[in-house]
Amino acid sequence: MGELFRSEEMTLAQLFLQSEAAYCCVSELGELGKVQFRDLNPDVNVFQRKFVNEVRRCEEMDRKLRFVEKEIRKANIPIMDTGENPEVPFPRDMIDLEANFEKIENELKEINTNQEALKRNFLELTELKFILRKTQQFFDEMADPDLLEESSSLLEPSEMGRGTPLRLGFVAGVINRERIPTFERMLWRVCRGNVFLRQAEIENPLEDPVTGDYVHKSVFIIFFQGDQLKNRVKKICEGFRASLYPCPETPQERKEMASGVNTRIDDLQMVLNQTEDHRQRVLQAAAKNIRVWFIKVRKMKAIYHTLNLCNIDVTQKCLIAEVWCPVTDLDSIQFALRRGTEHSGSTVPSILNRMQTNQTPPTYNKTNKFTYGFQNIVDAYGIGTYREINPAPYTIITFPFLFAVMFGDLGHGILMTLFAVWMVLKESRILSQKNENEMFSTIFSGRYIILLMGVFSIYTGLIYNDCFSKSLNIFGSSWSVRPMFDIYNWTEETLRGNPVLQLNPAVTGVFGGPYPFGIDPIWNIATNKLTFLNSFKMKMSVILGIIHMLFGVSLSLFNHTYFKKPLNIYFGFIPEIIFMTSLFGYLVILIFYKWTAYNAKTSEKAPSLLIHFINMFLFSYGDSGNSMLYSGQKGIQCFLVVVALLCVPWMLLFKPLVLRRQYLRRKHLGTLNFGGIRVGNGPTEEDAEIIQHDQLSTHSEDAEEPTEDEVFDFGDTMVHQAIHTIEYCLGCISNTASYLRLWALSLAHAQLSEVLWTMVIHIGLKVKSLAGGLALFFIFAAFATLTVAILLIMEGLSAFLHALRLHWVEFQNKFYSGTGFKFLPFSFEHIREGKFDD
């Protein structure tokens with residue numbers, strides 16, 4: 001059915017790689033990205049494998065590159081990305097790479113260490129400069145006789161009486177500004193008020209040499225008397241992480257020190273600038289190549305990690321690997337192996353042998369940028385079983401269509417389409433930017449899904465004739481009120497006296513026929529609008545749901561045919577399709593029949609389909625108030641119900657009984673027993689050897705029909721079949737009801753849109769003055785914001801999730817088992833894209 005409708009045919013192959021060529025061959029296979037290696041050493045510890053040292057060396061180089069990258073980003077230097085895909089370095093080149101990275105790392109560490117020491121020295125000199133400047137102001141203030149009274153508490157009364165000369169000690173330092181209040185309280189309490197503290201803020205913040213952050217600090221000077229207070233003050237300063245600096249006592253000494261400090265600061269600033277320039281040059285040179293280095297190192301690491309999955313023969317000259325690969329790509333894989341052998345200079349070619357296996361191969365569905373998003377929707381439910389029907393190509397149409405049935409609005413569909421078209425047109429630019437925003441990346445990866453959802457929403461919006469809750473009168477309404485004036489003698493008084501009047505479509509000229517496309521715009525102003533639309537959308541939901549489920553059941557036939565399971569066709573597919581069509585397919589026929597059999601004149605006598613369908617199961621036909629739809633209805637409905645009931649034992653009993661009979665017959669005829677020696681014609685040991693051109697088994701799942709060695713358990717088979725039968729029969733009812741969400745979501749979206757129009761934009765349209773025009777500007781902004789936030793994003797997400805549910809449960813469970821595992825080829829693609837995470 002083609003590569004899109006069914007997963008690729010896979011084969012298990014064995015590779016024989018010469019030791020000197022293994023690295024280059026695996027490198028070429030990584031560039032190709034078409035093989036998935038199997039681990040042939042599952043019981044060997046990861047630290048005991050052959051190439052563990054090479055992997056560690058690659059990890060060490062990777063660590064050094066991450067350090068360099070961190071420094072580059074810290075310096076706000078852009079990393080150059082030319083999109084280049086460098087070739088994998090040879091193993092002998094690893095030494096040069098290690099030496100280069102070691103040199104860059106050591107150089108950066110040395111620069112950082114020197115720069116940190118210089119900055120710390122610069123900080124100390126800067127703080128000392130401010131201390132000398134501020135303390136001079138403090139001492140000038142202390143010379144003021146008015147301050148003598150403030151400092152009198154530092155002197156004992158007896159000493160003041162004796163006229164002893166005043167001998168005060170002091171310490172000066174710098175402290176973080178936010179610690180000043182606590183620092184001051186601690187000094188006061190510990191020293192009992194016998195110290196004098198003066199502090200002044202440093203206007204400019206100072207750079208912390210360790211963190212690089214800018215910190216606001218203050219200069220302080222503390223006066224005290226005696227060694228005991230001096231020790232207490234120093235301990236408090238140490239506890240608050242204050243930096244203390246020596247400060248001369250005389251103004252002349254302070255002036256000379258300040259001059260020397262300024263000179264040293266100027267010299268140090270020059271050295272710092274030169275150091276920073278050198279650091280920038282090193283980082284800029286590294287920024288030009290770091291992406292290429294990352295790719296090279298990650299490729300080498302991936303190759304050695306893959307080589308650790310291989311076996312080594314006893315001669316130590318050959319590596320043996322097992323890979324899953326698509327059959328269609330065998331030639332390109334052979335060519336890649338030849339190319340790798342040539343690059344390595346080996347004279348012995350690498351060998352690829354296909355193997356026979358009963359193991360289930362991985363599932364590989366080829367995708368492009370358009371089908372990728374839809375395949376992800378399917379894979380999110382479960383990876384398809386090998387070679388079963390792939391729902392993705394059908395989902396491309398059904399998913400956006402069912403979404404649009406719930407979301408249908410012309411205006412909202414246009415907005416969604418425009419957004420998707422913008423992403424599609426700008427996809428190359430957006431991809432090159434490598435946006436790391438996870439939410440935007442998710443939306444961008446589904447740009448084609450959003451595009452189709454928007455296009456289908458425009459289509460369903462035209463059918464509903466709904467654009468921002470308003471109808472478009474494109475072709476002119478088919479309804480006319482004029483004949484009601486002629487036939488029923490309506491007058492102007494009739495219009496004034498009756499707030500609501502009903503048009504009679506049975507009157508000639510009132511209804512001129514169906515609207516050319518979609519729903520007549522006159523229904524937008526009708527009071528019974530919801531009654532009409534609910535009936536239409538409910539029946540439409542049932543019809544679409546039953547067709548969708550019948551299509552899913554029909555797809556199961558292709559699976560049964562491909563996997564050669566005739567029992568599933570005779571005792572699964574046929575009764576399932578009969579059961580669904582005899583009950584729910586008949587309901588669809590009744591809906592279409594009622595639409596065509598009754599017109600405006602006879603619609604009053606139209607019976608209720610709901611009551612008819614319920615009576616069909618109850619075999620109740622005595623209700624005279626609900627007339628028959630057609631002659632012979634009773635007999636046909638009784639026949640259909642009986643047929644549906646007969647399908648239940650057909651699905652439940654026949655398959656287990658046939659399987660049991662086949663098992664007993666095989667057990668009786670499959671082997672003979674002569675003297676306790678079992679004789680048979682099973683495969684020999686030689687048949688299981690590696691062969692070059694064998695064909696992989698079509699279906700390697702657990703077979704439906706047990707082999708002669710398997711013990712057939714009739715009880716388990718019966719229970720399994722009973723579960724399947726009950727699930728299908730009840731699922732037909734519940735799944736049909738589940739499709740009514742199409743009607744419910746469509747109704748909710750239309751009502752929300754109408755409420756938003758009435759409660760927001762209509763307010764601005766009602767005001768006829770100039771102020772109303774000005775108010776409309778702001779009201780429209782609110783209307784646009786609410787439309788995008790509620791109706792496009794929230795309602796769109798809700799409809800998206802409901803469409804997911806309808807596909808995962810109601811559609812895919814009819815034919816899709818989803819019990820496989822994904823094909824994960826060894827590929828350098830993610831490394832090339834800059835996704836360096838393992």
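Heads up, the Cβ atoms here are built off N, Cα and C, so glycines get one too.
Residues or ranges marked as phosphothreonine in Swiss-Prot (evidence: similarity to another entry): Thr250, Thr360. The phosphotyrosine annotation in Swiss-Prot covers Tyr364. What Swiss-Prot lists as topological domain 'Cytoplasmic' is 1-388, 427-441, 556-573, 660-725, 811-838. Per Swiss-Prot, the feature topological domain 'Vacuolar' maps to 472-535, 595-639, 751-771. The transmembrane segment annotation in Swiss-Prot covers 389-407, 410-426, 442-471, 536-555, 574-594, 640-659, 726-750, 772-810.
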Do at least three C-beta pairs under 8 angstroms join the transmembrane segment (574-594) to the transmembrane segment (772-810), pairs 6 or more apart in sequence?
no
Lowest local Cβ density (other Cβ within 10 Å) among modified residues: Thr250, Thr360:
Thr250
In Å, rounded, how far does the Cα of Tyr364 (phosphotyrosine) sit from the Cα of Thr250 (phosphothreonine)?
86
When DSSP states are grouped into helix, strand and coil, how many residues of the topological domain 'Vacuolar' (472-535) land in each?
24 helix, 2 strand, 38 coil
Same chain only, please: residues at least 6 beyond the ends of the transmembrane segment (536-555) with a C-beta under 8 Å from a C-beta of the stretch. Say none if there are none.
389, 391, 394, 398, 402, 405, 519, 573, 576-577, 580-581, 584-585, 587-588, 591, 732, 735-736, 738-743, 746-747, 806, 810-815
Residues sitting near the topological domain 'Vacuolar' (751-771): Cβ under 8 Å, six or more positions beyond its termini, same chain?
409, 412, 466, 468-470, 779-780, 782-783, 786-787, 790-791, 795
Kindly report the helix/strand/coil residue split of the topological domain 'Cytoplasmic' (427-441) according to DSSP, in that order.
11 helix, 0 strand, 4 coil
Roughly how many Å separate the Cα of Thr250 (phosphothreonine) from that of Thr360 (phosphothreonine), to the nearest whole number?
92
Residues from the same chain, set at least six apart from the ends of the topological domain 'Vacuolar' (595-639), whose C-beta lies under 8 A from its own:
504-506, 511, 586-587
State the count of C-beta atoms found within 10 angstroms of the C-beta of Tyr364 (phosphotyrosine), not counting that atom itself.
24
Residue counts in helix (H, G, I), strand (E, B) and coil for the topological domain 'Cytoplasmic' (556-573), per DSSP?
15 helix, 0 strand, 3 coil
The topological domain 'Vacuolar' (595-639) - residue tally per DSSP class, helix then strand then coil:
23 helix, 0 strand, 22 coil
